[in-house]
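**Student:** A single structure is presented below for examination.
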């Protein structure tokens, strides 16, 4: 996996860095991209979900609860690594805080939309009440339309007999 070096190495403990990535005299570890071996990158990395012939829902339910990555380990035991790790950790905490605020706003917004939709539906029902009183309930109209359709189908099949059954369906 090729990456921009320091981002992955900043999350690794110094002992987990492979020998080719350790600083050599005259070369900076952060100056070049490097291939990093697979393994945990941060202190709060989650394990992989179980794989197999399980349906996706059960795979999701077996997955451990999400932990937010707000703490990054220093790549080495020097001031620069500690400062970079602290900066990235602070950024992660701010991001987590903003994410929680956005989730709360989204929840309130969705709730307000649902309340607005409910009040709009009740206002529409109230405004439509005189029309329903004049024309009758929608269920009665639906039954009448179905009876007319059935009569038309029977009339198309047997024109003489269809008229006898139509009067039985009226209400």
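Placed from the backbone N, Cα and C atoms, the Cβ positions cover glycine too.
Copying in the features that Swiss-Prot gives for the protein in this structure:
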- 1-23: signal peptide (SIGNAL)
- 32-65: region 'Disordered' (REGION)
- 70-126: domain 'PE' (DOMAIN)
- 73-78: motif 'BH3-like 1' (MOTIF)
- 134-139: motif 'BH3-like 2' (MOTIF)
**Student:** Which whole-number mean pLDDT does the model give the motif 'BH3-like 1' (73-78)?
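**Tutor:** For the motif 'BH3-like 1' (73-78), the model's average pLDDT rounds to 82.
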**Student:** Would you mind splitting the domain 'PE' (70-126) into helix, strand and coil residue counts from DSSP?
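**Tutor:** Once the DSSP states are binned, the domain 'PE' (70-126) shows 48 helix, 0 strand, 9 coil.
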